[in-house]
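Record features (TrEMBL):
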- 27-50: transmembrane segment (TRANSMEM)
- 95-116: transmembrane segment (TRANSMEM)
- 122-147: transmembrane segment (TRANSMEM)
- 255-277: transmembrane segment (TRANSMEM)
- 297-322: transmembrane segment (TRANSMEM)
- 343-361: transmembrane segment (TRANSMEM)
Amino acid sequence: MIINTTEVQAINSFSRLESLKEVYGTIWMLFPILILVLGITIGVLVIVWLERTISASIQQRIGPEYAGPLGILQALADGTKLLFKENLIPSRGDTYLFSIGPSIAVISILLSYLVIPFSSHLVLADLSIGVFLWIAISSIAPIGLLMSGYGSNNKYSFLGGLRAAAQSISYEIPLTLCVLSISLLSNSSSTVDIVEAQSKYGFWGWNLWRQPIGFIVFIISSLAECERLPFDLPEAEEELVAGYQTEYSGIKFGLFYVASYLNLLISSLFVTVLYLGGWNLSIPYIFISEFFEINQVGGVFGTTIGIFITLAKTFLFLFISITTRWTLPRLRMDQLLNLGWKFLLPISLGNLLLTTSSQLLSL
């Protein structure tokens, strides 16, 4: 059988073209993920700088000022320093659990960013169970902390891991009930649908006004989930040295540090999405009626405006979280558990029953 040379060349060129298409498709699939990771990294660096600057202002002292203009490169310098530090492993600890714990904590939080809508058409995965996917994935992070505490072969570390698990279980239940109330109001568990449901009535359509009790419970529970003061019992330095991260050094210690700020950022983004209208500007008609139409702007400009509005609302809540850290004293462990089980759980359950009743009556 004689094969024409031209046909062979055509087949080869076709196979090359198909290979190039596959490579291009893979790159195009990974590109949004890389952009999101880059944006999250920059966001964490900004949050670290903001926290140091705001805390310095609250305590009337000088904050970071030498690394870059206004000290904005201080967090990057600290991260570079941790990269080159020696990575120590306890001789009698469980090496596998000790090494994999920080990775589980970071990866479980990073996956939660998949369902965050930064603008009307800017979300990696618009899932019908978006908010509950976040709750399910965030429940994995305390397992990493418990593994780290157990693998360190240190009583302080193990106690910190146990506290992290107990705290997470105590406050995830009220948090879930608040999210369920929002899903009932919006008739959807998709983050995009929840934001669009709030856009119908502008500023007064925010779930903040329709769910004020749920909003307060959600804020308290999210601060406890992030282990921020006054809820940082798993790493209370007066009692547990540094909790589950006592034995860590180098980049593994840096991963815990990054995980705490990633968790704070994702919680602030979900407050924006669930209660503050997401990417919508939401200016009431009575103030600037013609400017209200900016929500309907499409294209690159509309997406950019949506991202800016989302981040502005997010950093407003971050400012409140940072100020709270340097204002309130730390709770005792029994006070923390009492607040979660005896107060927030009944209040969130009652809020859910009220929301369900109002939805049934409106049918």
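Cβ atoms here come from the backbone N, Cα and C positions, even for glycine.
Just so you know, TrEMBL annotations are computer predictions that nobody has curated.
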Exercise. Do the transmembrane segment (95-116) and the transmembrane segment (255-277) share at least 3 Cβ pairs closer than 8 Å, excluding pairs fewer than 6 residues apart in sequence?
Worked result: yes
Problem set entry | Ranked first among 122-147, 255-277, 297-322 for CB pairs under 8 angstroms with the transmembrane segment (27-50) | 255-277
Exercise. Who are the chain neighbours of the transmembrane segment (297-322) in space, where the CB to CB distance is under 8 Å and they lie at least 6 residues beyond its ends?
Worked result: 47, 50-51, 54-55, 117-122, 219, 223, 226, 228, 264-265, 268-269, 271-272, 276-281
